[in-house]
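Accompanying notes for the structure given below.
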Amino acid sequence: MKNLIILTGLSGAGKSTALGLLEDMGFYCIDNLPINLVETILPVISMNVDNIAFVLDARSENFERIDEILNNLKKKYASNLKVIFLTAKDAIIINRFAHTRRNHPLLKRVNSLEKAIQLEREILTKALEFSDIVIDTSNLNPHQLREKLVEILGSVKKKFLVRILSFGFKYGLPLDVDFIFDVRFFPNPFYIKDLREKSGRDEKVKEFLYNTQGVKEYIEMIKNVVDFALKRYENEGRMELSIGIGCTGGQHRSVFFAEELASIYRQRYEVLLEHRDVK
């Protein structure tokens, strides 16, 4: 195991948002792991997973053992472990619960939200003492919290994934891509007898399209759009961008363009290339 992140802190302070970001960064994430299971489960998971993150909070039974658990983990995992504590002002937490219309998890123990927040602060005292990083989210929106965590955890961030999918419009649009680029306005190799049975990966098809007016310019245009988006995706802490390239049947033009883009982005990113409709 390379990295172990423990998220703890007040309900309404953003633990779910933080856990979601860590999942985007490639962590194996567990929400509200029972505290008595931490030292049992962790060795099993760490055998096959490099990056692990889980939430420990006041909902957990036997939370009074938090100091014992964290002390043991710090001894065992040392530099691999970071404990991040999320907090916020009472008024902010009250407003967030009102906005989401959710009940505070400790409200059943007391008779008001204010008392539930105070009780949770008391329960979390030991967890706060063992924390490596404390983030006050009172003045942070979810986007800003994501940026803060990316800044803190940048050194453990996984490589950005660019997923490129070629497809044929006649077989339906892909539903899981961020951008779709249409290449149907270029000549179709399907209507050239010697190229019909080949795919966009074939050298003769590639030569035909390379020599088609506007192809190189369009590749550069797509690249400019994708580069523009990539910078902003990375700044927001997102770790994946998906591109769909479509032609009529998904055999020639879309495959060629997808292969060209994959070749470009493999120099900087992890690339997953799929040709959905190639026969």
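Note: Cβ is positioned from N, Cα and C throughout, glycine not excepted.
For Ala13 (ATP binding site), other Cβ atoms within 10 Å of its Cβ number 27. Feature annotation from Swiss-Prot assigns ATP binding site to Gly9, Leu10, Ser11, Gly12, Ala13, Gly14, Lys15, Ser16; the stated evidence is sequence analysis.
In the three-state DSSP assignment, the secondary structure recorded for Asp57 (GTP binding site) is coil. Positions annotated as GTP binding site by Swiss-Prot: Asp57, Ala58, Arg59, Ser60.
Those residues of the chain, other than Asp57, Ala58, Arg59, Ser60, with a C-beta within 8 angstroms of the mean position of the GTP site C-beta atoms are Asn32, Leu56, Phe63, Pro105, Ile123. Same-chain neighbours of the ATP site beyond Gly9, Leu10, Ser11, Gly12, Ala13, Gly14, Lys15, Ser16, judged by a C-beta within 8 angstroms of the site's C-beta center, are, in sequence order, Asp57, Leu86, Thr87, Ala88, Ile93, Thr137. Sorting the binding-site residues Lys15, Arg59 by the number of other Cβ atoms within 10 Å puts Lys15 first.
Long-range Cβ neighbours of Gly12 (ATP binding site) (same chain, at least 6 residues apart, Cβ-Cβ under 8 Å): Ala88, Ile92, Ile93, Arg96, Phe97, His104. Between the C-alpha atoms of Asp57 (GTP binding site) and Gly9 (ATP binding site), the distance comes to 6 Å.
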